[in-house]
Each structure stands twice: as C-alpha cells, then as structure tokens.
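K.L.:
Please see the structure below; I have some questions.
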C-alpha cells in the first residue's frame with residue numbers, strides 16, 4: 001500500500017480531491033471565564049453567598065416569620081390599649097423587629113457596588129436610639145414617674161460596683177441629678193444618631209464615606225468614633241438606672257425585658273465591630289461578582305451583618321413575645337365598664353404610639369436650665385412602685401392623647 005502511495009505522489013496525483021469537504025476546525029474557546037450549566041463561573045469571579053438566591057431566600061423566611069409574630073403581638077396590645085402610658089412604649093419597643101428585619105433584608109437584596117444599604121442602615125440605626133430611650137421611659141412609667149422614683153431612692157448611698165461602673169461614685173447619694181443624667185444620656189443618642197445618619201448620607205454622596213475605611217481622610221473613622229461614644233454613654237445610663245432600681249422593678253419581671261433589648265442592641269453593635277476588625281485584618285477581602293462588579297470589603301462586612309440580623313430577629317420576636325405579654329392589659333379591658341369600639345381603640349392607639357409629642361416634651365424638660373429646681377410628675381396619682389396604674393378602659397381619647405404634666409419643686413420630694 002505504501003508503494004502505491006509513493007507511485008501516485010510521483011505521478012502528481014493528489015491523494016485527497018480538492019472537491020472533497022475539508023474537516024472543520026475545532027470551535028474557538030472564549031478567553032473569559034467559563035460558565036457551567038448552573039450559571040456559576042468556573043473560574044475568575046467566585047460564587048458569593050450573600051448575592052445568591054439561597055441567602056435571600058433563607059433571610060426572607062426568617063424576616064417574614066418574625067414580622068408575622070411581632071405584628072400579631074402589636075395588634076393584641078392595640079386591641080387592649082388600657083394603659084397607654086406604658087403600652088405606647090411597649091409597642092415602640094416591639095417595632096424594633098419589623099424595622100430591623102425588613103431594613104436589613106432590603107439592604108441584603110440591594111447589596112452591590114452602589115452601596116444603597118447605607119441609606120437603609122441609617123434608618124435602622126436611628127431607631128436604635130429611639131429604642132434605648134423608650135425602654136428607659138417605660139421603666140419610669142412602671143415606677144410611677146420621676147417623683148415616685150425619687151421618693152424611693154433619694155438620699156440613699158450609691159453602692160460601689162466595678163461591674164455596674166459605680167466604683168468611682170463611692171460616698172455619693174442619689175439625687176434628682178441622677179435621674180436627669182439617665183434621661184439626658186439616652187436623649188443625646190436620639191439626637192446624635194440622626195445627625196450622624198444624615199452626615200453619612202452626605203459623605204456617601206460625595207464619595208467620602210466607605211465602610212471599614214479607617215483612613216483619616218475618610219468620614220467613616222469620625223462617624224464611628226462619635227457613634228460609639230454616644231451609644232456607649234446611652235447604654236451605660238440604661239445599665240446604671242437598672243442597677244439602681246432593679247429591686248423596685250422586680251414585680252414587672254425586668255430581667256427578660258432588659259436582656260432582650262440589650263441583646264438586640266449589643267449584638268448588632270458588637271457584630272458590626274467584629275466584622276469591621278475582620279475586614280481590617282484582611283479576613284473579609286474585596287471580591288468581584290460574576291457580573292463584573294467589585295464589592296469592597298466594607299460592603300461585604302455590612303452584608304454579613306444584615307444577613308445575621310435577619311436571622312436574629314426571629315429569635316428576638318419570640319423573646320419579646322414573652323418579655324412584653326398583653327394578658328395583664330387584656331384583663332383590664334375585660335373589667336372595664338364601657339370599652340371603646342375596637343377600631344376606634346386601635347386607631348387612637350396607633351396615633352398615640354407614633355406621635356413624638358412626649359419625646360419633644362421630655363427633651364425640653366430634661367435639658368431645661370430650670371430642671372435643678374423642678375421635677376416632672378403626671379397629674380394623675382402615681383402608683384406605688386411595683387403596682388400597675390389603676391385600670392380604666394382608656395376609652396377617653398382626650399385623656400390618652402393629652403397627658404398633662406406639672407412641675408413641682410424637687411425639694412418637696
């Protein structure tokens with residue numbers, strides 16, 4: 001066979017006809033990243049959990065379950081809105097779950113290089129300040145107001161404790177200035193946090209704010225320092241007030257309430273701090289998504305924070321359900337001689353809960369130069385610490401929405 005091939009080649013006869021079809025070349029392989037049948041990049045951009053449907057689906061399940069549980073509890077309180085001086089603060093505390101959960105979920109859905117999450121997180125952080133103030137105000141209402149509290153603690157020596165941060169107050173006694181400090185420390189956070197939120201949004205618009213950027217030319221460093229100092233002062237005041245009045249608050253079972261609120265705030269605070277440290281140490285690196293967008297390390301840290309909060313809010317909703325039950329208020333409604341119409345009661349309760357009138361009045365009172373001569377007390381007879389105020393249906397809209405206050409000399413307390 002080889003001899004025949006040689007003879008044909010010598011004679012100039014081609015072995016393959018020119019008219020025969022030539023074999024097609026192999027298909028060209030694109031130089032970019034290869035995509036498998038699942039749509040994930042086989043090389044180049046890694047698979048990112050935070051932007052996956054799995055992360056959004058899991059977080060969504062936790063968020064919507066928490067929303068259903070908490071909204072049902074809020075509805076029960078509005079149906080039995082018999083002690084508005086207490087329940088308006090309870091409802092405000094319960095709202096931390098819908099606001100934290102839904103806000104974090106939206107931030108996770110919009111995670112990307114545009115950093116839309118900064119705007120949502122600002123709303124969440126502002127409500128954090130509102131929660132600290134509302135919890136302190138609820139404790140004041142439990143004990144009958146400033147006048148009733150001072151009647152119990154005034155003149156008593158302050159116990160020195162390193163755990164509660166009173167070791168430097170040895171030899172001092174409680175006075176009206178103590179209550180003023182507790183209120184001012186929480187109210188300042190209600191002022192500082194919105195200012196920092198607006199500042200963050202402005203710096204973000206001008207490209208001067210990036211999460212995790214501790215450069216002295218970046219606004220993140222200064223916003224973080226001011227925020228941490230402000231929230232630490234507010235939490236210290238809340239802790240100090242609980243240390244002082246824990247025996248008076250015992251009938252109201254404050255431990256679960258206190259631990260639940262502190263856990264929600266502290267966990268978000270320390271989680272954010274830990275993630276910032278991990279990002280700073282390079283544990284959380286900058287990544288590139290399959291769409292070609294680059295996500296900074298600070299953006300990823302904020303994304304992990306939002307995902308964790310989505311999961312935690314379900315457990316917070318369950319804990320708050322036990323911490324702030326509505327049975328005691330429902331019993332007062334049953335014993336009421338003339339309960340109001342359900343829809344009227346719910347609508348008026350919502351209006352009173354969302355109204356910031358009491359916060360403005362409290363801020364004016366506690367930062368007034370005349371505070372050292374006066375203290376605040378409700379015109380209705382304040383109950384003794386450890387007892388709920390006497391019932392009534394709360395049906396009178398006027399008596400609930402207009403809580404009259406009078407000033408009496410602190411010397412009379």
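Glycine too: its Cβ is placed from the backbone N, Cα and C atoms.
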K.L.:
Quick check on the annotations: Swiss-Prot lists transmembrane segment for one of 4-24, 25-45, 130-150. Which range is it?
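P.N.:
Based on what Swiss-Prot states, transmembrane segment spans 130-150.
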K.L.:
Which stretch, out of 153-173, 258-278, is listed as transmembrane segment by Swiss-Prot?
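P.N.:
Here Swiss-Prot associates transmembrane segment with the stretch 258-278.
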K.L.:
Of 223-243, 328-348, which span is tagged transmembrane segment by Swiss-Prot?
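P.N.:
Result: 223-243 is the stretch Swiss-Prot calls transmembrane segment.
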K.L.:
Identify the transmembrane segment range according to Swiss-Prot, selecting from 187-207, 355-375.
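P.N.:
Feature transmembrane segment in Swiss-Prot: residues 187-207.
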K.L.:
Might you confirm whether the transmembrane segment (258-278) is in contact with the transmembrane segment (93-113), defined here as three or more C-beta pairs under 8 A between residues 6 or more apart in sequence?
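P.N.:
Contact between the transmembrane segment (258-278) and the transmembrane segment (93-113): present, because at least 3 Cβ pairs are under 8 Å.
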K.L.:
So what's near the transmembrane segment (187-207) in sequence-distant terms, Cβ-Cβ under 8 Å and 6+ beyond its ends?
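P.N.:
Hits for the transmembrane segment (187-207): 115, 118-119, 122-123, 125-126, 128-130, 132-133, 219, 223, 226-227, 230-231, 233-234, 359, 362-363, 366-367.
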K.L.:
Counting only CB pairs under 8 A, let me know which of 47-69, 130-150, 258-278 has the most with the transmembrane segment (300-320).
P.N.:
47-69
K.L.:
Are there residues at least 6 beyond the ends of the transmembrane segment (47-69) whose Cβ is under 8 Å from a Cβ of it, and what are they?
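P.N.:
Here the qualifying positions are 40-41, 97-98, 101-102, 104-105, 108-109, 111-112, 287, 289-290, 295, 300, 303-304, 306-307, 310-311, 313-314, 316-318, 321.
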